């Protein structure tokens, strides 16, 4: 059956979006704890609304961190520094409700885990089970240099640029909340050929006109990010399509940690297991196994074994080995998917402690992932974005 040209859309949000404020607070707390106690267990959830932040969750650690201080510093860094923005780092209330990790959950994870991944024997790694059941997906494709789908790649770059021009005062009337959305047209062979539609909604000072915003965002944001050859006379632009976006951030909408899981991953281009990332330490396979699955998929594509690859991992609580490993290349594989699964098993340790060791995940590296995507990042060095296994995979595949 002949494929037709089609459109695909992905969105991103700025760091000032209410849900992303929560992700950044949760990961800032996680980083602060990991910087003092690498073996802490952290499951930290945040909610924000007008004038209020609530931090809740389960944290087991030998250290102390000043959670309200971290919350205020994070909000200040995002840019909510004045009451007229509807949310102010200095004056908002901060409530905390923290418990220890459940003993029933800890029982399945604890054996021999203490700070020893680097020196652990294979038997000890095998003894450490997953902290929960669940399924996780990782994806990569050769549409962009960073091996990510083009729609989410452009949406993230637009969102990041919105923040840059706000913070460097290029467009000083912008405020922290904002969203971007990019629709890409694909040809009959599934290759991206043009940008069909760009949507940007950004919070702003009440006195600026829509005409100014429209002109400035096209000039300083869209032109600076989207390659000219991808846009044409038919490309549609919707800039603040409601005409006004003054009330935003937590005053406009309540926010929660883990509510932007598609923005965090592949923009809907690949499947998602449902687990969120932010606020969770690496013993939570929701996070660590999703990072490992991306690492596997990216190395498969970087090795030239497929044009696109989706990897699924699944776990049972208290069991170290994945209950399943699946690879789908959507008909683009240069070797069979059975061969790819065998290559994955032989080259990647996908047991929870093995992932932590392989990707060095007991470090305070997570706040930087909490806005603008966890994957395809070229601005920060993330271990799961490396392609250091590609050469070995290619050689073992006989290519």
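Going from the start of the chain as shown, residues are counted 1 onward.
The backbone N, Cα and C atoms fix where each Cβ goes, glycine too.
In the three-state DSSP scheme, residue 244 (ATP binding site) falls into the coil class. Within 10 Å of the C-beta of residue 244 (ATP binding site) we count 12 further C-beta atoms, all protein chains included. Look at Swiss-Prot and you will find 17, 177, 178, 179, 244, 245, 253, 259, 260, 276, 280 tagged as ATP binding site.
The Mg(2+) binding site annotation in Swiss-Prot covers 19. Within the same chain, residues at least six positions away from residue 19 (Mg(2+) binding site) with a Cβ under 8 Å of its Cβ are 13, 255, 256, 257, 259, 260.
Mapped onto three states, the DSSP output places residue 45 (K(+) binding site) in strand. Taking a C-beta cut-off of under 8 angstroms and a sequence separation of 6 or more, residue 45 (K(+) binding site) has the following same-chain neighbours: 22, 26, 55, 56, 57, 256, 257, 258, 279. The annotation K(+) binding site is assigned in Swiss-Prot to 45 on the grounds of sequence analysis.
On its own chain, residue 253 (ATP binding site) has 18 as residues at least 6 apart in sequence with a Cβ closer than 8 Å to its own Cβ. Under the heading L-methionine binding site, Swiss-Prot lists 58, 101, 253, 284, citing sequence analysis as support.
Feature annotation from Swiss-Prot assigns region 'Flexible loop' to 101-111.
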Subject >> Euclidean distance between Cα atoms of residue 58 (L-methionine binding site) and residue 244 (ATP binding site), Å >> reply: 40
Original post:
Using Cα coordinates, what distance in whole Å links residue 58 (L-methionine binding site) and residue 280 (ATP binding site)?
Top reply: 10
Subject >> C-alpha spacing of residue 17 (ATP binding site) relative to residue 284 (L-methionine binding site), in angstrom >> reply: 25
